[in-house]
Amino acid sequence: METAEEVNVSKRADVAAKGEAAIKPEFLTTKDKFHGLLDSEWQSSKREKASESDAVEDSKETSLEEPEPKRLKQNFEGRPDGKRLRGQNKSRPHTKPTAYDEKRLCHSIIQNKECPFGAKCFFDHDIVKYMDSKPSDIGETCHIYETFGKCAYGLSCRFAKAHTTPDFKSMEKADLVKVYEGRTMVKNNMSKELQGRLRKRSVSFEKSEKYLKTLSDNKDKGAQQGDGKTSEKAFIKNTSSDKQSALVKTVGPLTDADVIKLRPCEKKQVDFQDKLYLAPLTTCGNLPFRRVCKRFGADITCGEMAMCTNLLQGHQSEWALLRRHESEDVFGIQVEGSFPDTMTRCAELINNNTEVDFVDINSGCPIDLVYNKGGGCGLMTRTRKFERIVKGMNYVLDVPLTVKIRTGVQEKSNIAHKLIPEMKNWGVSMITLHGRSREQRYTKLADWDYITTCAKLASPIPLFGNGDILSYEDAMKAKETGVSGIMIARGALIKPWIFTEIKESRHWDISSSERLDILKDFSNFGLEHWGSDTRGVERTRTFLLEWLSFLCRYIPVGLLERVPQKINERPPYYMGRNYLETLMASQNVEDWIRISEMLLGPVPKNFEFLPKHKANSYK
């Protein structure tokens, strides 16, 4: 006799359930059978590994059961109501990467230098003792060593055996070291000197102060001159004309450098037309992920949203969001703020201390933390303040200024069409419009008809459309609306090869092994970026797991009854064409951890993870 769940599967074989993707009947299954297959295959693979391993290390043998610290059910078991964790990261466990290192080797020992702290040093100096307590190596080859010829993490590297002699000396490949000598792979790192000046508030903001002085003067003269708009416009007009007329006195003959050099009034130009733009994605849009997308054909990349106040205060974690890899040929920085003074100073700080092609204002962020302070979507309803921010930033920047907005704040009250004509006069170089309101979030499809209307209003300024693009067919329909380009956000997280699909106009039935290779590339990029020691490995794992919370939503083309997959269709339970494809289809966090263990070794005993974007990922 069939169970109720099996009956539902047979019904779905005839007609796909509402909101679910249509999958070929032979691949559909039940929840119990799906998890049963994954668990049985995983246990059998662990038995094989256990039989092949040395019988000497009995204490280190892994049991057939999953270690208790891995199971996220501990996060809500024991609560009085017995409910799962829900909502916007409520009580989300946060384990610092330092918690995974019981003992850390002193950095001076790794670099073969004398420790300046001597006996007072907090870190370990006994190499033999450290190597005995250090977790076993993850693999036999070190990606950093094989790529760059040497590993900066030395003995603390989790692949140390690949580049360490029996007497604990680090090896180098002289030919590779010479290739990368003097080459800066990652730019926009904050120097200690700049951080110190920011903390002491000794950084000079001459251009910002000049602009902000006009705002304060206008405020004082507001009673006499209306709202002060006239004098503010006159200031910007006069300063630009002064720059044009300013002549630099030189001595000697005219050289090519004098001819090629741009005048101060000339901003760097960026060709935005018909480009594929990878959206700035909080948490998941990190540098290693952007490198993956660049390989698949993304034209424009942008760093994660940075808070302007944190940048001005010299927060290392915030400045890390501005880092740019050498492969990112067109790269921008996105900042968020709600006041003209902080945003203008932040723009001048970025202009003087980083290498970027454009700066973007995030006036579309829907989260309460930002909106309640007047930032993000809040700027769309505060047009006077928004105008002053845009004009101030434009005045101090030598690169184009772009803006990202939504249709509006309320669901049925679009205001973007009123803002766009005004922004054209403010000096914006490009506008990106997400076809949803703040209240709507992702409950309904993006309004591309409204984006079409706004694209006409924005002309000749380029306007990029954003929302619900998951296939090249979606992209073709979007281009028909008259937008200058397309921004891709969730679509890139679910399938980063979407850029290749769009450029080659095809559906790519990518295999599970090819997808695993993409994850390997991400892991290697993560080890380069965050480090190959225990802290770096676990940080890489955390960001990999965050990304897997999106990747699991992808349904292989060969399994679909109707191509292409739509972004708002959730995948039902289905069996893949092999075990790995089935494992990658799991929406259970424990299965994501299994995938991470294939690439980064076993998780630490005290490891905890709750995905930021998917709080219900349990069996």
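Every residue gets a Cβ built from N, Cα and C, even glycine.
Bear in mind that TrEMBL entries carry predicted annotations, made automatically and left uncurated.
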(Q) Looking at 1-22, 441-462, 485-506, I want to know which stretch TrEMBL calls region 'Disordered'. (A) 1-22
Q: From the ranges 141-166, 297-322, 583-608, grab the one TrEMBL calls zinc finger.
A: 141-166
Q) If you check TrEMBL, which stretch out of 100-128, 535-563 is marked zinc finger? A) 100-128
Q) Quick one: DSSP breakdown of the domain 'C3H1-type' (100-128) into helix, strand and coil? A) 10 helix, 2 strand, 17 coil
Q | Reported mean pLDDT - the domain 'C3H1-type' (141-166) | A | 93
(Q) Can you break down the domain 'C3H1-type' (141-166) into helix, strand and coil residue counts using DSSP? (A) 13 helix, 1 strand, 12 coil
